[in-house]
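J.: Below are the structure tokens for one structure; questions will follow.
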Amino acid sequence: MNTATCFIVLLVVATVIGGIEAGEFDMRKDVMGLFRRAICPGADRPCAACCPCCPGTSCKAESNGVFYCRKDEP
């Protein structure tokens, strides 16, 4: 294996281990789920106008002026 292939394998392994340690057992297995997680921040994460929040959350300002994705209330 060359260096680039080893790097990619290590990156994939680290991503899988990180997902398991974070408790994300219900991660969507389809391609759209992977794409959505890559482009939108989840709940309780900082957000910006260029990166909209994931479905079910919206960008709300906190008292410190920082915007966070918060779960929508029914």
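Just so you know, glycine gets a Cβ as well, placed from its N, Cα and C.
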J.: Just choose from Cys6, Cys40, Cys69 the cysteine that Swiss-Prot connects to Cys54 via a disulfide.
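T.: Answer per Swiss-Prot: Cys40.
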J.: Tell me, from Cys47, Cys50, which cysteine Swiss-Prot puts in a disulphide with Cys59.
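T.: Checking Swiss-Prot, the candidate bonded to Cys59 through a disulfide is Cys47.
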J.: Of the cysteines Cys51, Cys53, which is paired with Cys69 in the disulfide recorded by Swiss-Prot?
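T.: Here Swiss-Prot pairs Cys69 in a disulfide with Cys53.
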J.: For the recorded positions Cys40, Cys47, Cys59, Val66, work out the Cβ neighbour count at 10 Å and name the residue with the minimum.
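T.: If we count Cβ atoms within 10 Å for the recorded positions Cys40, Cys47, Cys59, Val66, the smallest count is at Val66.
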J.: Taking each of the disulfide-bonded residues Cys53, Cys54, Cys69 in turn and counting other Cβ atoms within 10 Å of its Cβ, which one has the fewest?
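T.: Lowest Cβ count within 10 Å among the disulfide-bonded residues (Cys53, Cys54, Cys69) is Cys54.
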J.: Hey, does DSSP put Cys69 (disulfide bond) in a helix, a strand, or just coil?
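T.: It is in a strand.
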